[in-house]
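As structure tokens, the structure follows; a few thoughts come after it.
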Amino acid sequence: MEWETVIGLEIHAQLSTRSKIFSGASTAYGAEPNTQACAVDLGLPGVLPVLNEKAVAMAVKLGLAIDAEITPRSVFARKNYFYPDLPKGYQISQYELPVVGRGHLEIELEDGETKTIGVTRAHLEEDAGKSLHEDFHGMTGIDLNRAGTPLLEIVSEPDMRSPREAVAYMKKMHSLVRYLGICDGNMQEGSFRCDANVSVRRRGTEKFGTRTEIKNLNSFRFLEKAIEFEVERQIDVLEGGGAVVQETRLFDPDKGETRSMRSKEEANDYRYFPDPDLLPLDIDSTFIEQIRAELPELPDEKKNRFKTHYGLSAYDAATLTTSREMADYFEAVVEQADAGQAKMAANWVMGELSGALNREGREIGDSPVSAQALGGLLARIQDNTISGKIAKEVFEAMWAGEGDADTVIEAKGLKQITDTGAIEQVIDQVIADNPKQLEQYRSGKDKLFGFFVGQVMKQTGGKANPAQVNELLKKKL
Amino acid sequence: MSLSLDEVRKIAHLARLSVQEEDLQGYARNLSDILDLVQQMEGVDTQGVTPMAHPLDASQRLRADEPTETDQRDHFQGNAPAVESGLYLVPKVIE
Amino acid sequence: MHEKSIAELATALKDGEVSSVELTAHYLRRIETLDDAINAYVTVTGEQAMEAAKAADEARAQGNAGPLTGVPIAHKDIFCTEGTRTSCGSKMLDNFIAPYDATVVARFKAAGCPILGKTNMDEFAMGSSNETSYYGPVKNPWDTERVPGGSSGGSAAVVAGRLAPGATGTDTGGSIRQPAALNGVTGIKPTYGRVSRWGMIAFASSLDQGGPMARTAEDCALMLNVMAGFDQRDSTSIQRPDEDFTKRLNTPVKGLRIGLPKQFFGEGMDAGVARVVDEAIAHYKGLGAEFVEVDLPHSDLSVAAYYVVAPAECSSNLARFDGVRYGYRCEDPKDLLDLYMRSRGEGFGPEVKRRIMVGTYALSAGYFDAYYLKAQKIRRLIAEDFATAFKDVDVILGPTAPSTAFRLGEKTDDPVTMYLSDTYTIAVNLAGLPAMSLPAGFSDGLPVGLQLIGNYFEEARLLGVAHQYQLGTEWCRMAPGGFE
């Protein structure tokens with residue numbers, strides 16, 4: 001209880017440009033090793049970098065979304081170190097003058113409160129390649145396809161005080177970059193990952209404790225687990241009378257532990273200096289305004305609109321706006337169904353649809369039931385063609401690829417029976433078949449009403465309009 | 001300005017250059033001489049002077065985001081000392 | 001044929017007096033017989049040259065010839081040439097077959113100039129005597145006991161020895177001008193950004209600039225017309241309309257205001273060099289030019305600032321040579337660190353290692369401000385000195401090098417003394433200005449170079465001022481004994 005955790009995150013978001021930040025090589029994921037590493041990416045003698053305009057625009061977009069200052073003249077610098085996945089022996093990054101200055105992001109805490117997390121800066125840099133440690137006769141293989149992929153490194157202030165807050169911040173940033181369309185957010189492929197700077201201090205003290213940096217966390221769960229472990233470890237060290245060593249650590253997800261990365265420890269003297277192959281990056285207000293005009297509705301704005309416009313609860317609005325894809329999907333459903341059915345649409349998107357997606361590990365973008373199709377189904381509930389219960393059956397069939405709602409309803413004969421005569425006929429038959437129950441009911445056993453409803457529904461295969469069945473049964477009994 | 005052998009060893013390591021023990025003394029002398037030459041700058045008043053990183057007062061030109069490069073792996077790997085399955089090979093990297 | 005200038009050869013080719021095949025074969029024969037004495041070529045590409053010559057003749061026959069179609073040239077081995085070893089004078093790249101063409105090379109190919117071969121140079125262009133080359137020193141054709149200067153010593157020597165009508169060079173601190181001076185040829189370092197650096201192996205990116213070396217200013221102008229121009233692959237390439245660098249060759253120098261920096265005429269200059277420069281001044285006076293003294297108060301600091309900036313950039317630029325993707329790799333590395341340390345330790349020569357270490361030191365934690373930042377500030381002061389001077393004068397004139405060619409081995413043990421051979425040329429690179437060297441006479445039988453410095457983008461004016469001098473003097477037409 002007496003320890004306070006202090007966390008700052010450095011998020012690396014791969015920008016979803018088509019070509020690399022300083023070369024014309026493709027950034028497509030999953031190509032054969034080194035087939036997307038051009039002369040510039042390989043650092044061949046004599047090659048030179050030229051900056052990708054889209055990468056700059058994307059950085060500015062994020063800057064505007066977090067209300068940050070855009071640096072009018074930023075500078076690219078070289079960070080010098082030797083590593084086999086770093087072909088030039090230096091990484092082109094930004095050091096003293098990053099493209100995005102100080103900004104902030106609001107996160108929601110579990111108790112419903114919000115907290116503002118400061119963003120120190122965001123800078124453009126190039127990604128490194130990959131080392132493959134499978135055994136090549138005791139050697140390591142180097143694939144440089146990823147080398148030169150644009151990264152936006154978003155550095156937060158040490159404003160988070162628990163692993164949960166760190167996760168909330170990372171999730172919020174994840175949602176934001178996807179809203180902005182600047183990063184695909186694919187964490188398994190490493191498109192969105194972070195380093196966590198973690199320290200602890202006695203509650204009430206102002207001075208930060210010595211921090212460690214946990215590298216390369218590529219899931220929200222790993223982030224949470226890694227920080228939890230690291231906090232415990234640091235407290236143990238301090239309570240045992242020891243001192244935390246400032247170092248880089250790696251999280252082992254199998255063991256749930258962090259361990260020291262000694263290989264990266266020695267003399268981190270990066271010798272930053274302005275890259276003489278690149279000139280200062282000037283960003284004028286015309287460029288900024290052009291990008292501002294392209295900004296989409298941001299998550300917080302959308303959430304508020306969902307509450308006021310659709311009358312959704314805070315919880316529903318927040319859930320539906322977690323990702324732009326889900327929010328867009330929801331709105332398309334509502335448009336197809338009926339503007340008055342927003343609550344029902346919300347329930348279906350968050351319920352049946354999300355459930356089915358989760359079961360199959362699919363993204364909403366490749367749902368077999370499109371928003372239009374789901375809207376069509378909800379419209380059939382609305383116009384009494386089917387009941388809500390039958391609709392679930394129809395949905396399953398649509399998910400299995402059996403066609404749109406109308407096709408399934410038609411093919412399976414699920415259309416609701418609303419013809420009074422037809423329902424009366426069934427009721428008469430049910431009454432005739434169950435004289436004993438009729439007698440009991442008439443002698444005061446009211447509970448048996450449900451039995452008769454059940455029988456009628458059974459006879460009609462669930463298709464009879466429940467309201468009409470109730471009404472007619474009461475009359476007949 | 002005189003660099004010690006240890007300092008030369010440290011710099012050589014940072015620059016990833018193996019230097020034979022018997023050559024260290026010579027490098028220490030040469031590097032110290034060069035730093036002495038450079039030392040001339042010390043006396044100059046440069047207060048308020050903006051550092052000049054580049055001879056041209058221009059700004060960075062931007063490139064359209066278009067993939068323009070084609071796969072030249074085999075062509076490029078013709079120069080590689082060790083490759084397998086399209087990968088460049090190096091002695092085992094321990095993280 | 002080899003006594004003709006590029007301009008004369010262009011006319012002879014146009015008039016059908018000679019074919020490119022004949023001309024190229026003639027030069028290849030000269031190289032075959034004469035290059036052993038001076039070691040100026042590291043690679044001769046005879047076959048490709050002959051093929052290109054044939055293609056040039058065919059192009060001409062079809063009426064598709066440009067101004068230099070068919071004129072063979074040589075490239076400094078710092079320019080990548082696809083399919084040919086590009087060594088940069090280093091063991092590190094002794095096995096490197098460039099997989100692409102430098103922009104400069106591609107432009108000369110497109111202009112129809114056959115490539116005779118690649119010229120020797122100081123390792124990674126670091127040197128002022130050509131003695132740091134892995135392939136052994138180039139010898140000065142005027143006296144083979146002496147150095148040709150550096151780092152473009154091979155290019156200067158092939159032009160002086162008539163083993164190529166013209167050659168490309170690069171100039172980071174004087175590497176075109178100083179060897180041009182020591183070999184009695186003409187060479188120009190253009191304004192930074194004029195000539196694309198794409199495919200030109202980097203030494204110090206903010207200082208490096210490619211340029212032509214030939215016998216006359218007119219030839220340099222013709223070559224520069226091919227070399228210069230905007231290149232989208234180089235972020236530091238200047239976006240300006242293409243220019244005809246011959247356009248001011250015939251502009252008289254009458255009334256031209258020429259500045260003489262007092263700092264270039266102090267102690268340290270050989271008497272023989274001083275005499276030749278004085279004679280050149282007299283010649284220009286005779287042509288009607290006016291001379292005024294100018295002050296470049298910070299130019300004395302240029303060597304000091306340069307030996308921070310250039311090594312700092314080189315320490316980073318040369319980090320890519322790590323034995324992983326190309327170039328030299330040590331035998332049986334025991335681990336990754338060993339691979340790096342020995343590949344680089346064995347692949348680079350001592351001067352390259354010295355500069356990498358100086359640069360590493362200057363950029364390292366705790367020294368950055370005192371060295372790198374300080375040097376960048378002095379760099380600004382030097383550039384401002386020139387800006388002030390050019391308010392008053394059209395061009396600046398002085399010696400190119402403080403002495404004539406020195407003896408092989410004379411300065412190899414003392415890097416600092418060697419560095420001072422570039423004392424008059426370095427300031428220009430720090431400022432990014434254009435400057436050239438032209439032969440102006442002899443001292444004890446060795447050529448002396450005259451340096452002309454211009455304001456930004458004034459190459460055409462410089463070449464014109466030089467051409468006017470060359471019209472009235474014979475120095476640029478003299479050939480060393482044995483190479484006539």
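Just so you know, glycine gets a Cβ as well, placed from its N, Cα and C.
Features reported for this protein in TrEMBL:
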- C:K76: active site, charge relay system (ACT_SITE)
- C:S151: active site, charge relay system (ACT_SITE)
- C:S175: active site, acyl-ester intermediate (ACT_SITE)
- C:22-463: domain 'Amidase' (DOMAIN)
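Under DSSP, C:S151 (active site, charge relay system) is assigned to coil, being neither helix nor strand in the three-state scheme. DSSP classifies C:K76 (active site, charge relay system) as strand under the three-state reduction.
Around the Cβ of C:K76 (active site, charge relay system), the number of neighbouring Cβ atoms within 10 Å comes to 32. Over all protein chains present, the Cβ of the residue listed as 'active site, acyl-ester intermediate' has 36 other Cβ atoms lying within 10 Å. Rounded to a whole number, the distance between the Cα atoms of C:K76 (active site, charge relay system) and C:S175 (active site, acyl-ester intermediate) is 11 Å.
A straight line from the CA of C:K76 (active site, charge relay system) to the CA of C:S151 (active site, charge relay system) spans 9 Å. All protein chains shown were included, and the count of other CB atoms within 10 Å of the CB of C:S151 (active site, charge relay system) stands at 35.
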